[in-house]
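Pulled from Swiss-Prot:
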type     : residues                                                       : note
BINDING  : GLY105, GLU106, SER107, GLY108, SER109, GLY110, LYS111, THR112 : ATP binding site
COMPBIAS : 9-19                                                           : compositional bias 'Polar residues'
COMPBIAS : 626-635                                                        : compositional bias 'Acidic residues'
DOMAIN   : 961-1020                                                       : domain 'Cytochrome b5 heme-binding'
CARBOHYD : ASN1047                                                        : N-linked glycosylation site
CARBOHYD : ASN1072                                                        : N-linked glycosylation site
CARBOHYD : ASN1572                                                        : N-linked glycosylation site
REGION   : 1-22                                                           : region 'Disordered'
REGION   : 600-650                                                        : region 'Disordered'
Amino acid sequence: MAGPAPSGRTPSHAQSSLPSLPAHLQSDTHLTAHLASRFHVGLPTARLSSQALISLNTYTTSSRGPDGDKEGSAMGEAEDLAKRAFTRLGARGENQAIVFLHSSGESGSGKTTIRSHLLSSFLSFSSTPLSSKLSYAAFVFDTLTTTKSVTTPTASKAGLFLELQYDGSSSVNPTLIGGKIIDHRLERSRIASVPTGERSFHVLYYLLAGTSAAEKEHLGFDSSIHVSTSGGKLSGASIGHKRWRYLGHPTQLKVGINDADGFQHFKTALRKLEFPRSEIAEFCQILATILHLGQLDFVSGQATTTTAEESGGYSHEGGETVTVVKNKDVLSVIAAFLGLGVEELETSFGYRTKTIRRERVTVMLDPKGARQNADGLARTLYSLLVAYIFEGINQRICAAEDSVANTVSILDFPGFSQASATGSTLDQLLSNAATESLYNFCLQSFFERKAEMLDREEVTVPATSYFDNSDATRGLLKSGNGLLSILDDQTKRGRTDSQFLESVKKRFENKNPAITVGSTGQGTTLISQGARSAFTVKHFAGEVDYPVQGLLEENGDVVSGDLMNLMRSTSSDFVRDLFGQEALQTVTHPQERTAIMQAQVSSKPMRMPSMARRKAGPSRLAFDAPEGDDQDEYDSQAGSMSKSSARRKSTMLANGMQGAAGQFLSSLDIVSKCLNSANLNPYFVFCLKPNDRRIANQFDSKCVRAQVQTFGIAEISQRLRNADFSIFLPFAEFLGLAEIGNVVVGSDKEKSEVVLDEKRWPGNEARVGSTGVFLSERCWADLAKLGERVVPVFPAEGSDEGGDNLLHARAGGYADSKVRLLGPTDQSPGGFIYGEDGKQGYSSSREFDGRSDAGASAFNSGDMFRNLDTREQMLEKGNEKKMEEVDEAPVSGSRKRWMAIVYLLTFYIPDFLIKTFGRMPRKDVRVAWREKLAINLIIWFSCAFAIFFIVAFPGLICPTQHVYSTAELSSHNGKDGHNSFVAIRGIVFNLDKFMPSHYPDIVPEKSLKKYAGTDATGLFPVQVSALCPGKDGSIDPTVLLDYSSTNVSGSATTVSTSDTNWVYHDFRYFTNDSRPDWFQEQMIMLKANYFKGWIGYTPTYMKTLGDKSQYIGSINGRVYDLTTYVAGGRRVQAPVGKSVPANVDRDFMDDLVVELFQRLPGQDLTKYWEDLQISDVMRERMQLCLDNLFFVGHVDTRNSPRCQFARYFILAISIFICLIVVFKFLAALQFSRKNLPENLDKFIICQVPAYTEDEESLRRAIDSMARMRYDDKRKLLVVICDGMIIGQGNDRPTPRIVLDILGVPESVDPEPLSFESLGEGMKQHNMGKIYSGLYEVMGHIVPFLVVVKVGKPSEVARPGNRGKRDSQMVLMRFLNRVHYNLPMSPMELEIYHQIRNIIGVNPTFYEFILQVDADTVVAPDAATRMVSTLLADTRILGVCGETALSNAKTSMVTMIQVYEYYISHNLVKAFESLFGSITCLPGCFTMYRIRSADSGKPLFVSKEIVEAYSEIRVDTLHMKNLLHLGEDRYLTTLLIKHHPKYKTKYISAAKAFTIAPESFAVFLSQRRRWINSTVHNLIELIPLNQLCGFCCFSMRFIVFVDLISTIIQPVTVA
């Protein structure tokens, strides 16, 4: 403080008050030198008298002074400031405000540290539990709003107005009764745009690091993502594993901040603030949702599957570009936590509705736009969550406004920013505007505010020059025409960035030197272009260029109505509350309050300072508030902010939504007026950084001097040397404090002058005015004997060290020790919490120790979600649709029969399984699933039947036989490349395989090869007794049976009788080497290894043999030959030396059996064999003898009639199908002759539905129809725009593109009119605008009519869009009502008026309508040829032409479609045209007959067609396939059904060119849709009796064949 100069014995650095330094030391240089001298002896602070504190960050500890205690430290000075403010609060009843100022938002000036010391000091003055809650609240604020920047780990990114509320019961020590956290404009852009080398908000890192394994599992965090909690560096594996887009570079996950502990403290703080555990868990789920939103990957895809809400030219030929989410697993996590359906959430990312020129349009977004949409949702969620938490805190800590007597306000706003780290110009502008305003308040407090009162009191003080930033402050913040007001006004008006820049230039050019706009002269360089698109503001801390690109859109800060309506369907109560809070201001439609048009996250605090809610009383004033008319305005504004949210929202509804700049300006104005109120005493804390490199204990004079100059500290110090007055006391109060009684005689002024003389206070600290005395705070304290008062300091809860425990034992914060700076130690927004030596910052360690509370312990260390729904349950709830009661419609008999078939095929799948595992809670969805399954089963059954019919059926009729005729056996003789086969007793063996294994191997293969193709039975004599049991069960071994070959023509070649090789195989009884079983063993071996088949005997050949006296016959398909037996080929022979026994029976076969073969030679004896009168034992013995001795082969039935049928039946079917194809081709040839067009005078309508096509496609389609060689006056071009939608790649809505092509200026804006649309419920009401005029192109002047479906005013998403079918119905319903003379809707009346009165043609004159898709180009003669065909045959109802590809050579996929398109038209449609029954008239290029030529009877627009085609109730799978997947084909079906006497035709002479899918995925998707539509429409056509042709070859049969071929196509292709 000013006083006598220090004596020579006192070192210069001992003087803490800068104004007390000599006058020659009051320059910037000398003051900087003085600060340096104090800094180097451990005194990093100085004072500007009693009103301001200057603090330098030492980057070491802020709690130790030169002597090792807190004396002289930043912490000690903060305590002293708090005590003085608290004392003044109690003694004078004044509101106190401490304003923090620093020259750079990224300075590392230690601001947050000083603020925490200051708050801790204030809280230590009260012993209520509320003190702890306020410390927790401050910690939560820092956790949610603080981040790490390049230069400091504790960069606050939201303005803080922290209010401590006191009652007035005690004039000495006021009681703390409440508090309030008022946050101003969080830097939302940081959520989705983390600058390089910086972090997002700390709480996101806390969540990732501090959750347990079970919690990570629930939140969808990969368990393999390892975040170390030891404070060390990340391992390479954990860094490289996964990158969180919203968390910056992976290295930022660990920068020496103990995130895991921070998360535990964050949860504990919320619990201490009385937030329920379930709500804290919901907070964490929303934070996890935000992180997952950053992980979504969007890709472009093609979609051809249409719904009721889709439309356009792509519906028949091409595809629509859509944006889809690549990683569906992440999407499902987000959907679960938000309580939404996965599909609807994914769809919402792909479009965005906004207002352009007073019209709402839906923009179809590309992947980049979808990414921005997801970023916007993340910003909205975080902003709402922060607002929700702060409002919850305030509800718990704020006292009733009428009980608050005084307040202490701590203002800490982000500092000045030279450049935007996140790329957000708006955040930078608003932050700098706030800093500019606070600095202006500082200057006003020191210079202007006191000067006005000094003049009134006739006190003269020397003037002090200073830098006044009023120009910049007024230019930025002036209400009405300040820069922020202009920005807000231009945003409301929907102006562009360039228009805003022009407005700024007009407002400030040559009027305010602080704001300039870049030169508008011509320039080509990037620098000059950038200068022209920016404005410059000369702030007190330097000039800043603000680019305007995207500034107005960012200022709008609009949350689209799409998102709001999506969130209204959430199944999560918390998310519903989040989006229902007052912080989200919604705009509803005036006529339909339930429809939310858009919303905005408020940039204005939800609460106001307590002092702003009431006028200042007449009690003890310090200095007067600024005079003017703003007091009433201030009161009015304060009153308006205290009204209910409903009133606020209705005001916003009437006046338009206020932008972020306007809201921030309003809140800043309230702050400014609170600070300028009469009963408030401000203190200022200037936070300076000693160097730019964050080096501990290093003082950079140049760096500090620049900050001293920026803040004007030298000028302020000089001002205080002249007038350091902080308090004004009226004479009576002054004399009462002086206690001089009646000792001095004179006036009050004279008495006061005597007191001042006695006190010997310096003149710059005490002066007598006309009505009172001006005093500095030091003099007032001396006068009031405040030094005798003791401010109580209460210990922190659970502390053993008294009051200091709540203060920072070390400058707890991010800016403390070298160890913290250089090593990975604990840092977090509560870095103050983790004090060294167990000391704390905001709160004591015990308070934050979850173990002190059993519940908190389980909450902190376990799974906080264990009592909540699992993620799967949340997802299931989100996917559930709200069940609505629907009217029961009568079910047709065919539907009942079909459902009976469905349940018959799917009965084995219980409904609860579909509901549980299939996640289909709705009954109609489950029924549709059953129908799909039934159709699949029918298709696969059909395919299985086709496979059976093709593969198995011939085998059933004619089983495969492995037999060889004698000719076939002879051909396998090993010659000319043939195989070598040999037969033995009717069995054929593979000789080629046998020869290598023949024993002995000395026999050459050549010798064996001569038997190839022969019957070698003669080489193998048999032992009869070993192979046949005979009649009695045994045969004498001497009985022999000779073998003799058949010499009938056609018999197999046998071994020559002169071949003696049989002796090597003779092991009969009479030989020296008797082996009875040798033959049987060899046959078993041969059959097992070399078997090929049997000798085959056809029935004819058998009969021939029988006629030749061969006793041969077949039993059960086996052929037996008893010729040798009957002829006496039985003899006996005994071994040498033995005699034949007497009475040997040589007839070992039963006589009845032999007699059977003799009686019926060459026949099938099976029936006679079964009827033979012998015993079963005898039958069994005779069967064994026949098989072993007389078997010669199998009956060969390969040429039987049955086998011939099986062979040629499939062939006949194939030939029949080929004949159909050939017939179709021949029928197609009948249409090769082109009809010659003539000059025609019929009126036609050319209709084009437009959806999201680009300008080039639309122009091609429109121009091609306008240039058709048809009388321009007799054709009407009608373009129907399906909704206000901006397609991907377009810069305007589709209707605007169409109108620009047709030359309709933007000034033409007709009123939207109502009409009936296709939709459910309220969707049936739609509105449209009608435009008409003449379109001129290449010499053609064509009348046009444009119908723009804009939707009801309450429609938000895809306004007006109802689908292509609805676009067709606009004209169909209009023409129907014209011809039937029915009442019309307002829009239809307008269409009638435009056509009848503007264009000048009676709508009934139009006879034909040509429907063309927006991506189709028609040939010049197309309309003429179609009309000629329709006139040539008045029984033709519809005619289509040939559609070719305009992108045939774009890709391989389009190339393969060229042939398909050609065949489908010139073969299929040409054939169908022969019958006059085209089953599908393509919507992309078809002309219909509106009315009959003779009677005028409506045809295309008849009541039956219009009613059936406008079906709204599409609740079955069949109807969905008809109306949603193939509306063109279904329309053709209706025409054939309701007008059976009329024909549908195809003419190849009419040409059009369309766009086909270029990717294989889209091609498959399109074909899948077409196949579904084809099958269901063919099913509709089958019952029609009118599908007849000539003779029996009917079109109905061909349709049935097409249906079958479509169903079994997978099999036929295979």
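Just so it is clear, glycine is given a Cβ too, placed from its N, Cα and C backbone atoms.
These figures come from a predicted structure and were not determined experimentally.
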Between ASN1572 (N-linked glycosylation site) and THR112 (ATP binding site): CA-CA distance (Å): 66
Rounded to a whole angstrom, what is the C-alpha distance between LYS111 (ATP binding site) and ASN1572 (N-linked glycosylation site)? 69
Run through the domain 'Cytochrome b5 heme-binding' (961-1020) and tell me, per DSSP, how many residues are helix, strand and coil. 21 helix, 13 strand, 26 coil
When the glycosylation sites ASN1072, ASN1572 are compared by other Cβ atoms within 10 Å, fewest goes to ASN1072
Whole-number Å value for how far ASN1072 (N-linked glycosylation site) lies from GLY110 (ATP binding site) (Cα to Cα): 123
What is the number of other Cβ atoms found within 10 Å of the Cβ of GLY110 (ATP binding site)? 29
CB neighbours within 10 A of THR112 (ATP binding site), counting all protein chains shown, number 27
In three-state DSSP terms, the structure that GLY110 (ATP binding site) belongs to: coil
Simplified to three states, DSSP reports ASN1572 (N-linked glycosylation site) as helix
Other CB atoms, at most 10 A from the CB of LYS111 (ATP binding site): 30
